[in-house]
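Following: one structure in structure tokens, then a few remarks.
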């Protein structure tokens, strides 16, 4: 037995020696060339066949194999349950450390498997792929000892940089595939495998770099390009860096840049330097794999003696990084319930992170996530869900949707396992599924329709919301039914769609079809997969009747008549919208205004307007500039044809093109059942063109049949012909591209960002939350996202034939520039209170922000007009009830000794706080227009009552000084009469003076002393310190901005117009531009905003005085057509203006603000801030200044006597709080306008030249006097000493900005022109 045992032991030792000798001995002090590496890898694979498998994924230019070693238990078999990991080395052939450490890592994993539990677990649970060299050709050319990469070898054999050759999100990479077979092979390898995590090993410094590697701007360095998984990438990069003793210091001390540092040893790729066409971004964007790039050593190709050190530095980091693929995030399976078959390519989505992963062919998925709470959604088209949850699964599921899509909340710690999702194939169950068809085929008059809508809204309340957008002329509600899985809420990223019917009252088929559609969608939700998916992914709005009044007078059986076509006022609503070519003279109708406001209040993407009288889909444009019936192509003609065909192709009669066979009146033919509107016939003032030009919405007009009001018995036929078309058209809202525009600084969405397509002249804008949708036909496009105050970003995108491509944009804020140099943002972002208030301003700047504020602060006042004594009592009552935030001041008295009151509302009303913006609200300059007085009294009361109760109101009051002058002409108000819409009684003060003609700043222009009311307000204005003023008047519905006086150029017209438009845009009627006032001669006013001189030009206005002498912009708001409307109208007028008044409180916090000080930190009072070379504001106590500016980039200059002039460029956002600027002055260094050094040097040179010249003259004279004739001698000359004093007046440079008084020099000239004009 002993002999047998000895023989057996000898045999085993001999066998082991044989195997050992067959493997090339690893050496930590040498490099392996291609042949040696090949032998080594083959030997390792042979020795460890149970855990190693060697394959080639392709070949290099010079025909070398691209070897990949797969290391895992059972490497020859594919199966579920193990996430795929990869390392790629030696992408740049001369960066060789990566090649060697991956060889050493391979040996370590293979030799330690079964011995070290850590390695064993890793290989048992992970599918690991290691590619030591991606560029074997380059390696063969590189030279040992070349640390800087000066020799050949970096690129491949055809001189292509492999890490600049992958498809890029921001630019098109122009490389020939034949020149880079290595890249082609790796791309195919990535796309064929569902890799979860990856590392790309390089050399040249010591740092871990993470995506994105480039930005749209392609700045060489310094631009942080954030990916959706930025926090996760930072974590993964730190895992590697913290386990590398050199990397974690953040100070590689490389010879090329000894001072280069990386915080925590990691960096964002693009912030370090911009790399377009990099592999790590391709992995993330196209492969769903998270990859970072590890730079391992300062020397690219160090001497082989250094290799052991490099291995020691990276061994733990390489292992720790791999372990993260199994220890963080969520993982599981997606399977079919019927046969438990795996579902491949099901999409796993995480709410708030716009990066999806998908299941493998085995149905398993792996989503790396940091610990936290996530809403995860799984999409598998054609399936409804069923969940089987193992008992030992500690995760909790909350089902939010019932079919196709479902969501659940997961509480994640390290390594949670979400197990099995079982699905039921909807396609296989199709035969057993019953689709419920509408049963209610009849004509619905208004009350019948209303009950129908209320019934379905009540029965299906979980997916419907019934709301009205306004009323018709005869006070019938314009009802809209919203159908969505989350009604009443705009879901981030979800497009919104609308159908409108019965615009012409006697064209009734559309009205009935939309009621049928509402019933069909409601009854089939949850049972029909298509309907369920459509409702879950789309917010659908359906308006059955836009013209309910016209419908009520129409007659059943009317084939082609016009009775009921128009509204009650006899206007054709489809000729009543603003037109791009022709001015629409008809007054805007209430139905039209309601739809216009509705269209601008929701982010509609696609729409259809249902008509009757023909059978065709008609797309923009509807008219042409020369009014001829010819093709009028829009910029999106291809898109309109695509969506029009989507409808017509599902309606066989329509697609046939012969619209009205059998009706002799019509013999039209439309190819494929579609037509360009103007080619058919010209329509001016149509709704579809207005939608396209003025909103983000693409709208077509669908003519449903040649019979306008067919018998009710025909309605089922119309439903059957159009059912598929109606659904197919809604599906078109999911074509093209969509995404979100993100602020790189805080990750928030950027509202109103512009998305442009380079070949299409029609930009669209992002919604309040930053999400956007852009319909496009399939193809390749170049998209650009831009926003005020941000750098633009561009990218290439391929729009698929079906579905939508997701394209997100991350924009960087534009920094300020001081004297041509970039400076950091000086906003005190570390102060939580400041950040909170900035966030509030941004929130309130969105459309829904102020709506929510108004909803949260309801008012219950009983409106009535108050005379002077009651106004005074009301104001005193506010100060008595709210003494901590109010202060009442008398500015002076009227002619009849009534007090001109000013109420201040702030958190410290009796203390001057120059750092806070100050806003002035004024009313009652004309006593016969008292609406403004009542609105301001209600405004003041609502602010006071909600202080301390509503957070937003409280913060606005705490951060703002609000001054309210409710009535500056109290004497005139006493003379005015209620319900007198046009009377001038009370317009002037008791001296008969129109106070708005009495504000003159120059005495030379004034014929008499100002009225006492005027003087009181002038004194307040000249105190300065006001940032904005809003004056309320009456007699129209619009906003005007300075100047009132004629022939006056407006330096800051853009800002003044912008401020006026902010007020108008928050008013439900004003922004439409149609005053709807009787006897109005102005017609439509664009956006409801007008320069005052174009309205009623005159001299001596309050707003002009405010701008010229108070250095404060003022706008005038005309609140109602009637000067003195009945008191019953006051609640309506308050409702119309409340949001606009609040918007002014928000707007006053925008623009720019800052402080001016010297180098020692001492504030400079009275410094001049010049905006864009024109408008001036002055620094107040503490050196503070604040100026409102239109959104965009602006130049500001700061000037103070005795200091050097400073200049900056600042960016202003329409949604952000004011940009903060700190200006520090240096002492004036100029004399006579020239640099002090130059003047002193010139003076010294001049004095030296003068002395030298004098000496030469003296010498010449002396020489002449010595040449005397014999007998003469030189007389001794006596010369008095003169002490010449040279007084140098050192005058500081006054600059052109300080060389004259600030006065309105143009007024005298304008007076002359005005007089001549009269």
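Glycine is no exception: its Cβ is also placed from the backbone N, Cα and C atoms.
From the options 1190-1213, 1214-1237, 1238-1261, the stretch TrEMBL describes as transmembrane segment is 1238-1261. Counting residues per DSSP class in helix, strand and coil order gives 2 helix, 0 strand, 18 coil for the region 'Disordered' (552-571).
Each residue contributes its Cα atom, and for residue 703 (active site, proton donor/acceptor) and residue 295 (active site, proton donor/acceptor) those atoms are 65 Å apart. Summarising the environment of residue 295 (active site, proton donor/acceptor), the number of other Cβ atoms within 10 Å of its Cβ, over all protein chains shown, is 25. The Cβ of residue 703 (active site, proton donor/acceptor) has 25 neighbouring Cβ atoms from other residues within 10 Å, across all protein chains displayed.
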